[in-house]
Amino acid sequence: MPVTTPAEAPATTRGAPPLPPRGKPGRPAAPVRRAVRRRRRIAAVFLLPALLLLGALVAYPIVFSVIRSMYDASGDTFVGADNYTEMFQDPATLRAIRNSAIWVVFAPALLTGLGLVLAVLTEKIRWKTAFKLLMFMPMAISFLAAGIIFRLAYEQDPQRGVLNAVAVSVHDNFQGENTSFPTAKARLGDKQLTKGHDGSYRTTHRTSPGNTVNLGLVGVPPKEMPPAARPAASAAKAPAADGELRGVVYLDFTPGGGGKPGTVDRGERGLPKLSVEAVDSHGKVAAKATTGPDGSYRLTGLAPGSYAVQLPANDFAAPYQGISWLGPALITPAIIGAYMWIWTGFALVLIGAGLSSMPRDVMEAARMDGANEWQVFRRITVPLLSPVLGVVFVTMVINVMKVFDLVYIIAPGPVQQDANVLALQMWLVSFGGGNNQGLGSALGVLLLLLVVPAMALNIRRFRRSQS
Amino acid sequence: MTTVRATTGPRRRMTARPAKWLSRGVIQVFLLVIGLVWLTPAAGLFLSSLRTEEANASSGWWTALTAPGQLSLDNYTALLKDSGITQAFWNTVLISVPTTVAVVVIAALAGYAFAWLEFPGRDWIFLLVVAMLVVPVQIGLLPVAKLFGALGLFGSIPGVVLFHTAYGLPFAIFLLRNYFAEIPKEMLEAARMDGGGEWRIFSQLVLPLGRPAIASLAIFQFLWVWNDMLVALLFADNESQPLTVALQSQMRQFGSNIGVLAPGAFLSLIVPLVVFFAFQRHFVQGIMAGSVK
């Protein structure tokens, strides 16, 4: 029973029956009117649960929040816009706003860029489905699980956190072969060695080249001795040539007892890979050497004179402990990293879909004309993909503004304030001890206002798709 | 001229080919590295979940790659004996399944009404729903908490379900209305001519035809709620809290709680992963469509 003829139908919705035109001349006959009323009743029944829930739990809270945001913490006094001005004065909230801005500036751009690069590259491999599947997998899991995963990966201790394990091994490779023994020290009352202000050790008396100087240290627990360390006794007796100082740096401790302090007893092992320096009478380093597995060193090419043998401070420095990912300075980049782990697959799949629906022949034609891959990418792929890139970017901006769980989970308690973002601050102020529901509501309204452009975009996109 | 061209032509092709082959190799290696980087953190948590507390405290999980002897299921058996965790797991099920059903049913009804029923103000109301797509949950927390407090729903599973349902509806209605609107008009009119009531048309024609969209929506909605922490953090109490909330309360002593957190995280993500692998296509479509949220 069509109420309107197709010719009158306003083109509002695709495929859907159009609305009955308003202001139609003449009233319809009674049975028609009854049918219309019946239809409206049916429509109301179909819509009722949805409108009830949306009205009570979405629309009403917006109105409530706007009003509540104009009252003070207790909700008794009307304060107008005070909560909104306070937002930009309260240091904690200001930091949350600043961090949210960092998120919005970096995360969407990085994600879109990485997604684009990966999408273009995946086009060229045969196992692209498997790759996309792998990259998309993190989208399935909760922010909580992802947060736990990254909290572990970012652990400071290189024995636990994989990122610092990598950082330390890279660092050690670049720092060369030297090791250090942070606990090593001269024996108490040792007359041979004097400790410097910087933690280095130097022989108390100077010696001239051609002599042997053996330096005994204590304080290295047996389990921290490198397995490569060899007994030092035989190297300790080797005579020095002209113009060189030689000797061993050894652990002056005989396992099982029986050793004599100050001498290289049998079974006492050398301390390998330590730096040893010869310091001349002006305090300048004249020669450098590194000890071998038996602790032996040779400082060669020394001019006649008297030298002190020095073990520099970095022989005793604490080992490099990696990067403090979860410290106050890096916490936001670290959390953005975890966020990218989750969302890159999304960008990749969406951009990849756009890429596969692109006209191949345009790119082929450009290649035939001698364009290289970079030019094809820059002048053809990216411009043709720009609508998809826009969708990914806007989606990420909206998502990033609401980021909460990841920050809440990854940032350890003491640095939570350094990682704070709007949604988290809203939570903290309203429920997490702040107990200022006026300011909390204002922050909620701010979050809503920030997504209004996206809202307008959605509506415009929808209306355009309907016309 | 012609001779020059004749010589440069083939030579160019010969140099271009190995270069292309080489660059393809570089791309493969690069993507392989990226894939490994992506896999590593998750593999780390998984291996950690299989190692004892002492092993996790003294050495990195990667040592298990060369010494698999240290792996055991002890953490998992301990976790499953923990009544708090199993309770939280069932709470997660009791929250996400009813929410998914409610969202699908309510949104399908509304989507049908918006697509095929006539009533005044239809397009305006629908635009309001579109506007609600991006409304952040945060704005609802405080007012709804007060409302639920008055209704006695605060700190209960039905409260969590209601909140999730309401905030899942705009997207669900949007998706289903658009999908239902694509159904050929002739089919519906033929059904109406045959004297089918709206309910019959809805349940026997529109719902079956809308199955792909409903499947995508159901998967998206299920995962959204299963993975939620924020809403449950506020609206659930100790008795009704889902797994995410139960686990986050252990985060404060992260270092000493890996034995609980790592297997707990896997318990919570195994369901989404199974859903992911079982319904890959619907899953990706659901997420893609839901990204407007």
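These residue numbers are counts, starting from 1, taken along the chain as shown.
Every residue gets a Cβ built from N, Cα and C, even glycine.
Whatever TrEMBL says is automated annotation, not expert-curated.
Listed in TrEMBL for this protein:
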type: REGION; residues: A:1-33; note: region 'Disordered'
type: COMPBIAS; residues: A:1-16; note: compositional bias 'Low complexity'
type: TRANSMEM; residues: A:42-67; note: transmembrane segment
type: DOMAIN; residues: A:97-458; note: domain 'ABC transmembrane type-1'
type: TRANSMEM; residues: A:101-121; note: transmembrane segment
type: TRANSMEM; residues: A:133-154; note: transmembrane segment
type: TRANSMEM; residues: A:330-355; note: transmembrane segment
type: TRANSMEM; residues: A:376-398; note: transmembrane segment
type: TRANSMEM; residues: A:438-459; note: transmembrane segment
Subject >> Dominant neighbour of the transmembrane segment (A:438-459) in A:101-121, A:330-355, A:376-398, by Cβ pairs under 8 Å >> reply: A:376-398
**OP:** Check the transmembrane segment (A:133-154) against each of A:101-121, A:330-355, A:376-398 and return whichever range has the most CB pairs under 8 Å.
**Re:** A:330-355
Original post:
With the transmembrane segment (A:330-355) as the reference, which stretch in A:42-67, A:101-121, A:376-398 has the largest tally of C-beta pairs below 8 Å?
Top reply: A:101-121
**OP:** Could you tell me what the rest of the chain brings near the transmembrane segment (A:101-121), counting residues at least six beyond its ends with Cβ under 8 Å?
**Re:** 135, 332, 336, 339-340, 343-344, 346-348, 350-352, 354-355, 377, 381-382, 385, 389, 392-393, 396-397, 400-401, 403, 421
